[in-house]
Amino acid sequence: MLMIAETVSLGVLSLPSTVAEVGLIPAIILIVGMGIIATYSGYVIGQFRARYPFIHSMADAGEVLCGRYGRMFTEFAQLVFFMFASGSHLVTFTVMMNTLTNHGTCSVVFGVVGLVLSFACSLPRTMKNVSWLAVTSFISIFSAVLITMIGVAVEHPHPAPMELTRSTSFVKGFSAVTNIAFAYCGHPAFFGFIAEMKDPKDFPKSLCMLQGFEIVFYTVASAVIYRYAGQNVTSPALGSAGIVVRKVAYGIAIPTIVIAGVVLGHVAIKNVYVRLFRGTDVMHKRSALGVGAWVGLAAGYWIIAWVIAEAIPVFSDLVSLVSALFASWFSFGLPGVFWLYMYWGNYFTSVRKTLLTLANLALFGIGATICVCGLWVSGLSISSDSSGSSFSCANNA
């Protein structure tokens, strides 16, 4: 249950719009298919952790693959990933505030409010009861999506015209793929989950529960919201309902929008802080140096996340870019590399090994394809999107 609580977040909010882009049947095939692939890649992460029990993070895994430089690169990639993900939370915060206040002021001002709030919540160096925060965040997003589903069904008793399949451009079609990949980007946390389990052998069961829930939740939510909202579906999806319902949904979603982003930020800041002061007394004392360094790191982190959010103020565009840069590798490409590393020299010793070798080469290929094509289509989408410009006061709700 904790794995579900800590991984299901804003990703679901971009899925109904992907259904509108590619049609109901292709979207369901993509959501279910990529969910199954993400389940297998998560299983490979469990195998890699069982082979190297000292691994507690993606950085540790990077060190196993490529030594000290592998650790440094993976740590940096994960830090930037968290920054972009936190930026998506700040974008959603501005959308939420514009919705709740009927665009009461400049969107940049709302972004600054989100920046200050997130920075303030990140100031404590220890984050107690993270599991309860995660559960609160999950209940929040689940309830908000459920309210939106009920709202669009009640407000549109006669469903909008539905397209089972839809002709679309490669850019829009592959953007749908990257948005779905973002919904399955919880893999960087899997090593930590396994390390905290009483019996790591139970990880496959927990993984199946997580992925099964995600696949069903994502499929049902995206299909129902699209069924009733039709081509008018928005991203984030909470805006697809009527004025009153969307305000209620965004109000319910506040814990996810704020808390989940803060948890990501806290983890990233803590990783840098520990790297700077590992082996010193600074980490354990309330000194001016320790407090000052933490405040400085937190301020720097959230300012960068805010700049990202203001530079790419359209939720679906930012999600697509994050997915192409990071989810492609953390959830798909790297697990394929993990398996190939574990079984180096034994790729074709049996029919089963040969098939698994081909499967993991394909897994690596999927990650590389999402990265390369995803960067291209997200770049084109960002440059051509007229619904939002960088550092603009315009309403992005």
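Placement of Cβ uses the backbone N, Cα and C atoms for every residue, glycine included.
Keep in mind that TrEMBL annotations are predicted by a computer and have not been checked by a curator.
Feature list (source: TrEMBL):
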DOMAIN    3-377  domain 'Amino acid transporter transmembrane'
TRANSMEM  24-45  transmembrane segment
TRANSMEM  76-96  transmembrane segment
TRANSMEM  102-123  transmembrane segment
TRANSMEM  130-154  transmembrane segment
TRANSMEM  174-195  transmembrane segment
TRANSMEM  207-228  transmembrane segment
TRANSMEM  248-269  transmembrane segment
TRANSMEM  289-309  transmembrane segment
TRANSMEM  321-343  transmembrane segment
TRANSMEM  355-377  transmembrane segment
Seg_contact(the transmembrane segment (76-96), the transmembrane segment (207-228)) with at least 3 CB pairs under 8 angstroms, min sep 6: no
Beyond the flanks of the transmembrane segment (289-309) by at least 6 residues, Cβ under 8 Å: 83-84, 86-88, 90-91, 94, 111-112, 114-115, 118-119, 122-123, 125, 265, 268-269, 272-273, 276-277, 282-283, 318
Chain residues in Cβ proximity to the transmembrane segment (321-343) (below 8 Å; excluding those fewer than six residues from its ends, i.e. six or more beyond): 37-38, 40-42, 44-45, 47-48, 51, 58, 61, 64-65, 77-78, 80-81, 84-85, 88, 178-179, 181-182, 184-188, 312, 353, 356-357, 360-371, 373-375, 377-379, 382
